[in-house]
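If you check TrEMBL, you get these features:
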| type | residues | note |
| --- | --- | --- |
| BINDING | Thr197, Asp247, Asp255 | Ca(2+) 2 binding site |
| DOMAIN | 30-328 | domain 'Plant heme peroxidase family profile' |
| SIGNAL | 1-27 | signal peptide |
| SITE | Arg67 | site 'Transition state stabilizer' |
Amino acid sequence: MATQKLASLFFLQQIIHVLFILHLANADQGLKLGFYQKMCPDAEAITRKITHQHISRAPTLAAPLLRMHFHDCFIRGCDGSVLLNSTKNNQAEKDAFANLSLRGYQVIDAVKSALENMCPGVVSCADILALVTRDAVSMIKGPFWEVPTGRRDGRESVASETRDLPPPFGNITLLKQKFAAKGLSVKDLVVLAGGHTIGTSHCSSFETRLYNFTGKGDTDPTLDPNYVVHLKRKCQPGDTTTLVDMDPGSFRTFDGDYYTLVAKRRGLFQSDAALLDDTETKSYVKLQANTYGSTFAKDFAESMVNMGKIGVLTGKAGEIRKHCAFVN
C-alpha cells in the first residue's frame with residue numbers, strides 16, 4: 001500500500017514537473033525586444049517612418065492613437081481588438097460609445113500595408129498599434145521607450161465589453177479596481193492618467209460637472225470655481241460637438257503640465273480630480289507639479305511598457321491579421 005502511495009506521489013511530481021517545463025516554454029514565447037529582427041528586420045524603422053509622415057502633418061493624432069492603445073489593452077488585452085470592424089452579426093469595440101471619438105486608424109492601416117508588402121503575415125496589428133503609439137508620443141516631445149514585441153491579434157471584438165474601460169467619471173476606488181484587475185499598480189494609474197497632457201475632450205464628457213453634478217443643477221465642488229466659469233463659456237448644456245483642450249496651452253506637447261492643473265483642481269474629468277483623493281496618487285501629483293514633471297517622462301515610459309503587456313496573445317494563440325480591420 002505504502003509503495004503504491006509513493007509511486008502515485010512520484011507520478012504526480014513528474015506531472016507537475018512537466019507542466020512547469022511547459023509553462024516555461026510558453027513563457028519563452030512571450031514578448032521580447034527585437035522580436036522581428038530576423039523575420040522582418042526593418043519593421044520598426046518602417047513603422048517609425050510612416051508614423052512620422054502622419055504626425056508631422058497632423059500632430060494632434062498622437063493623443064487619439066495613445067488613447068486607442070489604452071482602450072485596446074484594457075479590453076481583452078493588447079490584441080488589436082479595437083481595430084476590428086463591426087460585422088452584420090456583431091458590433092465591435094470601435095463602434096461602442098466610448099470609442100466613437102477614436103481617430104488615427106489610417107496610420108495603423110498605412111503601416112500594416114507597408115509591412116505586409118515587405119514581410120507578409122509576420123507583424124501583428126497589436127504590435128503595430130503599440131509601436132505607432134510609442135513613436136507618435138515621442139514625436140511630440142514625449143519619452144521614447146523600448147517596446148517588447150511578439151503580440152498576436154485577437155479574433156473577437158465586442159462593443160459591450162468596453163464597459164470595463166476606466167470611465168471619466170470614475171472615483172478613485174473604482175479606478176484603482178479597474179487598474180488592479182489588469183495587473184497595473186496605483187503608480188501606473190496616476191502615471192498613465194498623465195496621458196491627458198495631450199489631446200482634447202468633448203464637452204459632453206464633463207458637462208455634468210458644470211451644470212448638474214448631483215442632479216440639482218449644481219457644479220462639482222472639487223472643480224476650481226474660476227475654471228468652471230471658463231469652461232461654461234466654452235460648453236453650453238447639451239453641447240456634443242465642441243472640443244476643449246485637456247491641457248490648455250500645451251495640448252499638442254507631451255509635458256508634465258497636467259499634474260500642475262490637477263493640483264490646482266483644474267483637471268477636466270472627475271477621474272482627474274479623483275487623483276487627489278488617495279494618499280499615493282496625490283503625493284505623485286504634488287511631486288510632478290512641484291518639480292515641473294521631473295520624473296514623469298521616465299515613469300510614463302515604464303508604465304506604458306507595463307500596460308502593453310496586459311493579456312497579450314503570444315506563441316500560437318490568435319493570428320497575424322492580413323488587414324487590421326478584419327479577421328483572416
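Yeah, the Cβs are placed from backbone N, Cα and C, and that goes for glycine too.
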On a simple 10 Å Cβ count over all chains shown, which one of the binding-site residues Asp247, Asp255 is most densely packed? Asp247
CB contacts under 8 angstroms to Thr197 (Ca(2+) 2 binding site), restricted to the same chain and 6+ apart in sequence, sorted by sequence, are Met246, Asp247, Ser250, Phe251, Thr253, Phe254, Asp255, Gly256, Asp257, Tyr258
Additional residues around Ca(2+) 2, ordered along the sequence, whose Cβ is within 8 Å of the centroid of Thr197, Asp247, Asp255: Gly194, His196, Ile198, Ser250, Phe251, Thr253, Phe254, Gly256, Asp257, Tyr258
Within its own chain, what residues at least 6 apart in sequence put their Cβ under 8 Å from the Cβ of Arg67 (site 'Transition state stabilizer'), listed in sequence order? Leu102, Gly195, Gly199
